[in-house]
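K.L.:
So Swiss-Prot lists these for the protein:
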| type | residues | note |
| --- | --- | --- |
| DOMAIN | 16-242 | domain 'AB hydrolase-1' |
| BINDING | TRP22, SER82, LEU83, PHE143, LEU144, ALA145, LEU146, GLN147, HIS235 | substrate binding site |
| ACT_SITE | SER82 | active site, nucleophile |
| ACT_SITE | ASP207 | active site |
| ACT_SITE | HIS235 | active site |
Amino acid sequence: MTTALCWQTEGQGSDLVLIHGWGMNGAVWQQLLPLLTPFYRVHWVDMPGYGHSHDISADSIEEMAQLLLDKSPISATWLGWSLGGLVATQAALLAPERVTRLVTVASSPRFAAEGTWRGIQPQVLDDFRRQLGDDFQLTVERFLALQAMGSPTARQDIKLLKQAVLSRPQPNPEALSIGLRLLADVDLRAQLGDITQPWLRLYGRLDGLVPAKVAKDMDQLAPQSCRQIFAAASHAPFISHPEEFVQTLKDFIK
């Protein structure tokens with residue numbers, strides 16, 4: 001049984017940590033790596049319960065962040081996509097001296113809609129959790145389709161995301177269930193003012209999971225951060241617009 005998270009490292013330059021989202025694994029960054037490794041020493045991980053970290057579990061966002069901090073560079077820019085953005089944000093709060101810059105991609109401090117807060121309807125997350133017990137592979141595929149919905153290149157986006165999922169061991173069903181619970185329950189909004197590192201928030205205007213209007217709400221909660229919205233992207237702008245995505249990242253890390 002594996003007892004340590006699966007990390008991979010490539011490239012040279014300042015350290016950059018990449019954290020994937022729910023249902024995925026570190027292979028999701030594959031097409032981005034040739035654009036990043038000439039400029040950064042890139043570290044990407046299979047999160048607890050995913051890919052080659054299949055046998056490792058973490059029950060809370062704090063535990064996930066700490067597991068990553070335990071084996072990550074002494075200081076680095078952390079980039080987290082979707083659920084990975086929640087983990088990166090938690091790491092930035094736990095260890096600001098280690099997470100020197102924060103980049104959140106198609107992410108939110110509170111994924112579930114609540115009152116006037118925009119997000120995923122709780123019923124949708126409940127349905128996904130119920131479906132997991134029946135056919136978790138189909139549930140992951142439905143989530144992939146949701147992530148690409150709205151993108152002009154949706155079919156190609158889904159193909160690339162699916163290739164990443166299938167290239168490594170399937171996710172642990174328990175980790176998938178825990179991840180959906182975290183997406184439904186975690187709320188970091190009250191702590192965002194404590195983030196003092198440079199922070200870039202990236203969104204897709206066509207995102208059906210994290211509505212682009214959340215960007216404006218976040219301007220109020222985290223005025224110390226900056227943000228960019230990719231006009232023709234959905235939930236995975238680094239898949240649909242890799243060159244534009246990397247250029248935005250390079251401009252921020254300068």
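Placed from the backbone N, Cα and C atoms, the Cβ positions cover glycine too.
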K.L.:
How big is the Cα-to-Cα gap, in Å, between TRP22 (substrate binding site) and ASP207 (active site)?
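P.N.:
Cα-Cα distance, TRP22 (substrate binding site) to ASP207 (active site): 15 Å.
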K.L.:
Taking the residues the record says bind substrate (TRP22, SER82, LEU83, PHE143, LEU144, ALA145, LEU146, GLN147, HIS235), how far apart in Å are the two Cα atoms that sit farthest from each other?
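P.N.:
Output for substrate binders TRP22, SER82, LEU83, PHE143, LEU144, ALA145, LEU146, GLN147, HIS235: max Cα distance 16 Å.
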K.L.:
Around LEU144 (substrate binding site), how many other CB atoms lie within 10 A of its CB?
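P.N.:
Taking all protein chains shown, LEU144 (substrate binding site) has 22 Cβ neighbours within 10 Å.
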K.L.:
What residues, ordered by sequence, lie under 8 A Cβ-to-Cβ from ASP207 (active site) and sit at least six positions away in the same chain?
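P.N.:
Same-chain residues close to ASP207 (active site) (Cβ under 8 Å, separated by 6 or more) are ALA106, GLY150, ALA233, SER234, HIS235.
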K.L.:
Look at each of the binding-site residues, LEU83, LEU146, and point out the one with the fewest other Cβ atoms around it within 10 Å.
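P.N.:
The binding-site residues LEU83, LEU146 were compared, and LEU146 has the fewest Cβ atoms within 10 Å.
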K.L.:
Roughly how many angstrom lie between the C-alpha atoms of LEU146 (substrate binding site) and SER82 (active site, nucleophile)?
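P.N.:
Roughly 13 Å, rounded to the nearest whole number.
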K.L.:
What number of additional C-beta atoms lies within 10 angstroms of the C-beta atom of the residue listed as 'active site, nucleophile'?
P.N.:
28
K.L.:
Helix, strand or coil by DSSP: which one applies to LEU146 (substrate binding site)?
P.N.:
helix
